[in-house]
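Encoded as structure tokens, the structure appears first; notes follow it.
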């Protein structure tokens, strides 16, 4: 590429023959003029720039099918496109690959490549990763808008049971849908909190009573509160299961499995208490009941359903498996090395507390994590030196992966907030355009806009009507080329 000077097109033959390989074409993209040679462009004949070489012989119809405007005097093709993206795209003619500049939106860059008819396979892998990430974000925005539209829309063809089922699902699963749903969400949160408090308070010896067999059991009042909480959890789970649009997905969902684990021990222990004595010894029944009651701690995880912060933490940890694996690997290597050294160095002391290397693992764990219970400690000088080095290495080993894990949490949390804001903004734009007559005003028509994109992962191009800087364009399989500068035509 070189900046255009006074160079001009070679004269065409009177019979309109094609420009030869040595011809130059002048292209003006967004006010930036550049000159290209035919031998470079013909390497990729299916691209738009290569088609410009032969379009002059086809007249103005052929010219304006490829560009926005054309100046016959200057023999210059005009395009109302992004010049920064164009400078990246033309690298394919000289280097065979394309790299996006930092700061260019991947989706806009993809649209530019489609306009210039350059295949995405020429985009470098590092840039494809950014494009894939942006596509996932747009899919998530589309999914959230679709869910909101599904909640707003009412299908008259649905049966009364279907409408009732849909109402119950929104009532229990979406607190933001109405004020009563918000009240139910608060009550559910309070029941979880009360149940967890009762479980802890029930273990206080002063609040327990002695049964007929002489065993300490929970106070009847606490048992009644526990039963009421379990009844609430049971009714809530059953109603959510009945109203769920996809029951298989509902049952296999992690949070719903947690709900089952929080409810099931109560009924199993109740069954064992009343029927188990006939099938097994009473002592075995009591041990089984006690073990099941310990499983009640699973209900504390039900709080994650009502806390976006806990959900974000869970997803961030799932995305940080690599960093967590590095942390465990560092600690495992350090524990093995320092426990072996500690055992070897302490063997010369007659009152050594390091009886074996496996026993020394416990000392290495509490030392490297800087807990230091003091139940096992070195008594020799070399052993103390080994302990000092071990906890210094432990601090470094733990600190190294912590920063990437925190970054993953912050990045995911901010991303969720951006996606939520973008989905609300998309709905606002749809309502605004509906009010201005660009789209229909009914909710059914809004749903039709989304249904048009159900065959693909993205929205229909009919939603791409805003020119706001903060608007995130939703992808479409269709191509739209601007022709605002076709003044000569």
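Quick reminder: no glycine exception, Cβ is built from N, Cα and C everywhere.
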Here TrEMBL annotates transmembrane segment, and of 183-204, 205-226, 271-292, 293-314 the range meant is 183-204
Here TrEMBL annotates transmembrane segment, and of 143-164, 363-384, 385-406, 407-428 the range meant is 385-406
Given the transmembrane segment (324-341), its same-chain partners at Cβ distance under 8 Å and 6+ residues beyond its ends are 317, 357, 360-361, 363-365, 367-369, 386-387, 389-390, 393-394, 397-398, 400-402, 405
Summed over the domain 'Potassium channel tetramerisation-type BTB' (25-126), the DSSP helix, strand and coil counts are 47 helix, 20 strand, 35 coil
Under 8 Å Cβ-Cβ from the transmembrane segment (385-406), and at least six residues away from its ends along the same chain, one finds 316-317, 320, 323-324, 326-327, 330-331, 334, 338, 341-342, 345, 364, 367-370, 372, 377-378
